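Have a look at the structure below, then the notes.
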Amino acid sequence: MKQGSGGLHPLDAQGEGSITLGSSVEYRTYKRRWFGLVTLALMNIVVSWDWLTFAPVADLSAQYYGVSKSAINWVSTAFFLAFVFIFPVTIAMLHRGPKPALMGSAVLLIIGNWIRYGGSYSSSGGRYGAVMAGEIIIGFAQPFILAAPTRYSDMWFTSRGRVAATALASLANPLGGALGQLINPLWAKETSDISSMVLYVSIISTVCAIPAFFVPAAPLTPVGPSSATPKLHLKESFKVLSHSLELWLVLIPFFVYVGLFNCISSLLNQMMVPYGISDDEAGIGGAILIVAGLVFSAITSPILDKTKRFSFALKAFIPIIAVCYLAFVWMPETRGVAGPYAVLGLIGAASFALVPVALEFLAELGHPLSPEVTSTTAWAGGQLLGAIFTIVGDALKGGEEADPPGNMKKTMLFQAVVGLVVCPLPLFLGRFGRQDKVVLKRLCSDQRGGGAWSNLEASAQGREGERRWPET
């Protein structure tokens, strides 16, 4: 299919085929992109499973390593903080392309897992220091793959499939957490089982990391005009990022709700068990939190790929999340599972739907910033707040004199307050005469056919989700 220069040139709905513009530029997609996407998804699954290796069996893990449950919580916290320390390196590496980041992450994943097993090989007890060291190395691996989906989808997918591609790779991360919540309690029924549990997770992680070395570096030709648009240098990118109010109206809620999700995932067992709920039932609750989100996101992502109503979706999902964190404060007190499971399902559904929407919206608003700048910043902020919220949540835990002993009512209240405070921020997107600031710049670039960027801001018409280029 050929069109004159400057004409509209969307690929077909499946994102397959090729388009030649004028006499020299050909845009096409490649089936090999699916191998890289599946590899990215598998690595996100195992890195999250690694993160939640011990949280679902916190009591047994504490006994096995001879430490307190707070020390086990610090394993998760160290994982979050490792992301923050290495995120500048992540941006620099992803700026070079997804493959170097995937390979670096694979090496760190394999090394970190086997160091953890080196401290856990004996069934009679483990070495906490080795486990912590391995967890930090795995934490260094996470940002390279967690922040990669928007960069990968921008390089390999058209505007018709980017939200779904980003969702598949990004939401694989919490799927790994769900597997950990469900499977690890089945593998570890007593203290001596912790050793074999760590071994199984290490083997699975290694198998899933190896394909990263065979992922293609880049498509032979760009998939569309926006993919071929030169991206800003990192220094210029951070200058644009620091001065964009709209980007921060999306980033701040993303930081907070990812942090809250990480906190509740890490501490869910300790929130529910004091009220007579078993480890297995708490693990099922964690799985519901994630599976409900995966199902709902699988429904919403294709719809949003088609409609591009990103701003509307943010304004709908975020209040739901905030209200659900408030409702969850009283759920464990019911001493049953129906209430907690229902609220956890709602939190998961809205939170998971939010992730790909926010990441793609950031990429659209920030274009021609390279997508890894906004995505890595978003995830780094979420991981940092996840660490802070987990530390605060552990500190707010009731003592042995509390009713019931060791309850986390104050932690859940803290989560609710934080969630409600940031809830109004996305409602200001496009308000107060700033409708022109929420234009989907990357989409407009694709529809325009990759014309000069200076034409974009001058020519874009209408509101977010409805902006189209005038016919030529």
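Every residue, even glycine, has its Cβ placed from backbone N, Cα and C.
What TrEMBL records for this protein:
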- 34-52: transmembrane segment (TRANSMEM)
- 72-94: transmembrane segment (TRANSMEM)
- 101-117: transmembrane segment (TRANSMEM)
- 129-149: transmembrane segment (TRANSMEM)
- 199-224: transmembrane segment (TRANSMEM)
- 245-267: transmembrane segment (TRANSMEM)
- 282-300: transmembrane segment (TRANSMEM)
- 312-332: transmembrane segment (TRANSMEM)
- 338-361: transmembrane segment (TRANSMEM)
- 412-432: transmembrane segment (TRANSMEM)
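Taking Cβ pairs closer than 8 Å, the transmembrane segment (282-300) reaches residues 52, 56, 167, 171, 174-175, 177-178, 181-182, 184-185, 264-265, 268-269, 271-273, 313, 337, 340-341, 344-353, 355-357 in its own chain, all 6 or more past its ends. Two recorded stretches are said to be in contact when at least 3 C-beta pairs lie under 8 angstroms, sequence spacing 6 or more; the transmembrane segment (34-52) and the transmembrane segment (412-432) fall short of this definition. Scored by C-beta pairs under 8 angstroms, the transmembrane segment (72-94) has its highest count with 129-149, from the stretches 101-117, 129-149, 245-267, 338-361, 412-432. Here the transmembrane segment (129-149) lies next to the transmembrane segment (101-117) in space: the count of CB pairs under 8 Å, restricted to residues six or more apart, reaches at least 3. Listed by sequence, the residues of this chain that lie at least six past the ends of the transmembrane segment (312-332) yet keep a Cβ under 8 A from its Cβ atoms are 250, 253, 257, 260, 264, 271-272, 274-275, 277, 300, 304, 339-340, 343-344, 346-347, 350-351, 353-354, 357-358, 361, 407, 409, 412-413, 415-416, 419-420, 422-423, 426-427, 429, 465.
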